[in-house]
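Asker: What Swiss-Prot shows for this protein is this:
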type	residues	note
COMPBIAS	19-30	compositional bias 'Pro residues'
CROSSLNK	31	SUMO2 cross-link
CROSSLNK	118	SUMO2 cross-link
REGION	1-92	region 'Disordered'
ZN_FING	92-114	zinc finger
ZN_FING	120-142	zinc finger
ZN_FING	150-172	zinc finger
């Protein structure tokens with residue numbers, strides 16, 4: 001909240017509208033001189049931001065009050081994230097390795113990589129995996145060794161897909 005100093009009592013004038021004259025309009029930055037006047041280089045620091053407020057004193061006389069505004073930091077204030085809670089930029093950080101994830105579900109699935117649990121077991125060889133997708137990829141190695149499961153009854157050809165075998169049989 002901006003607190004303004006009290007205006008000294010103003011004697012009642014004949015004109016009900018007593019205001020400070022508006023400031024002259026000037027460009028915010030000095031223009032570059034010389035042949036490259038269209039260049040985008042800016043000389044010197046940025047001028048201070050001014051806030052002008054139209055106020056009315058206790059006698060009903062309007063006046064303007066100008067204050068210099070402080071530069072506000074851009075964006076929300078940054079702070080360090082504690083493990084498992086939303087981080088300063090992206091989301092949820094892992095307490096083990098400090099990786100940051102957008103959702104708590106992604107963090108939860110990532111934390112499996114730090115544990116020793118391997119709940120997905122291959123039925124053919126007994127090898128265990130942390131993720132079901134890794135088990136599915138492993139099962140393909142067993143299928144590749146055995147060969148395609150669908151064999152043509154008329155010739156020695158084999159197919160991965162039953163629809164491919166059916167099309168092949170029609171060609172015989």
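Positions of Cβ are set from backbone N, Cα and C atoms, glycine also.
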Asker: Let's check the environment of residue 118 (SUMO2 cross-link): how many other CB atoms sit within 10 Å of its CB?
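Answerer: There are 14 of them.
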Asker: Let's see if you can do this one: DSSP helix, strand and coil counts over the zinc finger (92-114), in that order.
Answerer: 11 helix, 4 strand, 8 coil
Asker: Find the average pLDDT over the zinc finger (150-172) in the predicted model and report it.
Answerer: 90
